[in-house]
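Going by TrEMBL, these are the annotated features:
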- 24-114: domain 'CopC' (DOMAIN)
- 302-402: domain 'Copper resistance protein D' (DOMAIN)
- 1-23: signal peptide (SIGNAL)
- 139-159: transmembrane segment (TRANSMEM)
- 166-190: transmembrane segment (TRANSMEM)
- 210-230: transmembrane segment (TRANSMEM)
- 237-260: transmembrane segment (TRANSMEM)
- 272-293: transmembrane segment (TRANSMEM)
- 314-333: transmembrane segment (TRANSMEM)
- 345-364: transmembrane segment (TRANSMEM)
- 384-404: transmembrane segment (TRANSMEM)
Amino acid sequence: MKSRALLPWLGLLLLLGSGGARAHAVLLHSIPAEGSVVGESPAWLALHFSERVSPLVLTLIGPDGEPQQLEGVAPAQQLRIALPATLAPGNWLLSWRVVSADGHPIAGALAFAVGVQTEAAVMPTTDGSHYLAIWSARVAVYLGMMLGVGGACASLWLGTGPSRPVVAALWLGAGALPLSLGLQGVDALGLSLSGLLASPGWQAAMATSYGHSVGLALPALAGAGGTLWLRRHSTAIAWLLSATVVLLFGLAFTVSGHAASAEPRWLSRPALGLHVLMAMLWLGALPPLLVALARPGADARRVLGLFSRWAPGMLAALVLSGGVLVVIQLGHWRALAWPGYSRILLLKLALVALVLVLAAWNRWRLTARVQRGEAAARLALRRLIRLELVLLVVVLGLVAAWRFTPPPRALLPTGQVQVVVADAGLRAVLTLSPGRAGPVRADILLRDDQGRMAEARELGLLLSHDQAGIAPFRRRALPQAPGHWLLEELLLPVPGDWSVTVEVLVGDFDRIRLTGTLRLAP
Ligand code: HEM
């Protein structure tokens, strides 16, 4: 089937399409600011995030290139890192890796200089190859949980025999869950895939909220396997066990992930729990339903009757809880235009809409005919259920890709956004306040390569937004103080990535252009 062959490519495309953003909490600002030159060695550094974080690895690299590990404390959204000794004059780089409340690690680097600038400190490069492994393991976990756990419960409740796909999905989940935990550790510590073979990554993963999720998901998986075995001996105990399994399943999804850490949690967590349970029941019921429909007869009609009685309510709850999560995660309707998260959401919604149309067709066009014993309708129904299954697996692939992109609400509270652009011995720090689309104030601090405020005859900004089709336009800034230029009323109407060039006229005809990109929140 064509759509099946598209699966891996779609996932890969999304991974690449989500760009550099692989974060969940977002760094809002730092002390000292990125690219700044401080007169004296600071006693501490501070990173201020949009959400609470816990430090994983903090490495400080000095002008001599020697790395040293630091400790940090993060009682709230600010991570404070005490510096052990006076920093020598020159360029310094703090490479940081933290884990946000949703259990996802994020990393970055803060460059600053003490006294004067010297040779730039070299940022350690991270190997991004494990992102594909993380995505694949996550899809396998979803399949194991939805088709395995969901399938085991649904086959019990619908009174169908345990089918081979359900057992296979349970084994897939049992393999993928520990692997995804190991990969979480590799990502948390910024290790290569060989880090899976050592204990630090696993320990780090267990300390994140994803470790708690896996701790709940594994017994849910084992319990689901137990229901398949127990039902042969005691249906009542199997039903009791399946209720526990459902509880564990719901909890596993609500202790980590973006939505689980979104405020207000009294709403986001129950909505997420309901959402994943409904998704599990829907997806999980499809393979047993297919098995039941393989043969004509009273049993197929009974199972179909049961499923079609429950399905509309389940789907309504799935869509409603999904809608609540969308409102919470976007924070503002304009965030739908945001790249990454919103792009995945729109694709997911389009696919879900298609599946809902198929489901409605099955329910209102085919079910009654199958109940009347029409063989052609039964065959058509089986074919469409298979298609539904394939599309829902693609939906899970999209859901797994959310792991790499922050939800827009994480970017909303930004006070400012900043970009540092440098070239030809000049460095400009451009700060936009507020850091969201609309009217903003732009402050530009211009320095030379010695860190001194640099003089200029004129300074302007050239701005464009490729994605929104906004062609480059120019605005002139006004001098405020030596090296400080201001553009008080700048209108940047859309969120997303803006290309910015700081144009500096240093002599009569000598123009230097410093180019960079900055991201505005919706
Ligand atoms: C109108 C329908 C739907 C809407 C509006 C919707 C929306 C959402 C949203 C906003 C989230 C939170 C993502 C995050 O930021 O962490 C979410 C989570 C999720 N959705 Fe949906 N969804 C819909 C249908 C579905 C369907 C049909 C499936 C199953 C195939 C599904 C599976 C999931 C799963 C597994 C998660 C949890 C991800 C995690 O925390 O690991 N959703 N959904």
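Every residue gets a Cβ built from N, Cα and C, even glycine.
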| Long-range Cβ neighbours of the transmembrane segment (166-190) (under 8 Å; 6 or more residues past either end) | 56-57, 97, 99, 103, 105, 107, 126, 130, 133-134, 137-138, 140-141, 143-149, 151-152, 155, 196, 200-206, 208, 210-211, 214, 217-218, 221-222, 224-225, 228, 284, 287-288
| task | Six or more residues out from either end of the transmembrane segment (139-159), which same-chain residues have a Cβ under 8 Å from its Cβ atoms? | result | 11, 165-167, 169-177, 179-180, 217, 220-221, 224-225, 227-228, 231, 235, 238-239, 242, 245-246, 249, 252, 279-285, 287-289, 292, 302-303, 306-307, 393, 396-397, 399-400
| What does DSSP give as the helix, strand and coil breakdown of the domain 'CopC' (24-114)? | 0 helix, 54 strand, 37 coil
| request: Mind checking which residues of the chain, 6+ beyond the ends of the transmembrane segment (210-230), have their Cβ under 8 Å from one of its Cβ atoms? | output: 103-104, 141, 144-145, 148-149, 152-153, 155-156, 162, 166-167, 170, 173-174, 177-178, 180-181, 184, 237-238, 241-242, 244-245, 248-249, 251-253, 255-257
| query | Could you give the number of helix, strand and coil residues in the domain 'Copper resistance protein D' (302-402) as assigned by DSSP? | reply | 93 helix, 0 strand, 8 coil
